Amino acid sequence: MLSFIIGRVVSGVVLVAVISAVAFLLLYAGGGDIARRILGENATAETVAKKTEELGLNRPLLTQYTDWLASAFTGNLGRSWFTGELVSVSVTNRLAVTLSLVIGATLISAVIAIVIGVWAARRGGAVDGTIQILSLVGFAVPGFLIALILVLIFAVNLHWFKATGYVPIATSFSGWVSSVTLPIIALSIGAIASVAVQVRGSVIDATSRDYVRTLRARGLSERSVIYKHVLRNAGGPALAVLALQFVGLLGGAVVVEQIFSIPGMGQLSVRSTTLGDIPVVMGLVIAFAILVVIVNLLIDLAQAALNPKVRLS
């Protein structure tokens, strides 16, 4: 187990380094005249040259990257070209906001999807068909459209929640819950549909196995068979889908945060990309890459815990 974790951490570090190299090359090599873009079209050639030297953009690209990578390993991701704020501070402050949405949506999706998936697999018939149709609807409807519908119904018409804005949990817990409820629901719908379909298929497959028939023949209750044995074997594929959904939810948060005016990583991504604030964009790329590596490692460990037959290698 320990060797597996160490191996995955090492491979994760290599993967993040490769992603950072590709992102750095694309952003800096394809960025055009970065100094002029920062200063504006009316800047003089002398001012542009001075800014280029100040940012170190006149050095070879490989030298720029190795210097950036060395600093990144110490936690120094540079400063925003437009606000002067430390990139690590900008990303960290907004990371907690985005994770509160994504983790909340992931947990809600997992719980509801397991219940729906098991129910559909056990009931069959009209119940199964109805759930499959609803899942297809969840697949088909874009997240931003769901978000807009939720705002229209629950914020504009019913006035149950605010249409936009974010309240930090340290300021007011009830205010925080109110501000994240609609965004989390908007993110959850598609994930629930994906995971529920996978759980349904895995449960149907597992219940057709010989060991399940043996357990039933021994007199175990159906609830015990399903929740103590079947789900342990069906949980692996569902966890894999859940990991993919987590990554998808990070992308979905970009749109949802814009709609609800939530100051998270998604909103920061849009702003920094629009401005061409490359240090901030690089910081976001690294943060997203590290999150994906961590989630994949946790999913692998969870699969091994659910099903001892899974070999970590």
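Each Cβ is built from the backbone N, Cα and C atoms, and glycine gets one as well.
Those TrEMBL annotations? Automatic predictions, nothing curated.
Features as listed in TrEMBL:
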type: TRANSMEM; residues: 9-29; note: transmembrane segment
type: TRANSMEM; residues: 95-121; note: transmembrane segment
type: DOMAIN; residues: 95-303; note: domain 'ABC transmembrane type-1'
type: TRANSMEM; residues: 133-156; note: transmembrane segment
type: TRANSMEM; residues: 176-199; note: transmembrane segment
type: TRANSMEM; residues: 238-260; note: transmembrane segment
type: TRANSMEM; residues: 280-299; note: transmembrane segment
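By the Cβ criterion (under 8 Å, sequence separation of 6 or more), the transmembrane segment (9-29) is in contact with the transmembrane segment (280-299), since 3+ such pairs are found. 176-199 is the stretch from 133-156, 176-199, 238-260 with the greatest number of Cβ pairs below 8 Å to the transmembrane segment (95-121). Listed as Cβ neighbours of the transmembrane segment (176-199) (distance under 8 Å, sequence separation of 6 or more from its ends, same chain) are residues 100-102, 104-106, 108-110, 112-114, 116-118, 120-121, 131-132, 134-139, 141, 143, 146-147, 150-151, 154-155, 161-162, 165-169, 234, 237-238, 241-242, 244-245, 248-249, 252-253, 256-257, 259-260, 262. Same-chain residues lying 6+ beyond the ends of the transmembrane segment (238-260) with a Cβ under 8 Å from its Cβ atoms: 98, 101-102, 105-106, 109-110, 113-114, 117, 143-144, 147-148, 151, 163-166, 179, 182-183, 186-187, 190-191, 194-195, 198-199, 202, 266-267, 269-270, 288, 291-292, 295-296, 299, 302-303, 306.
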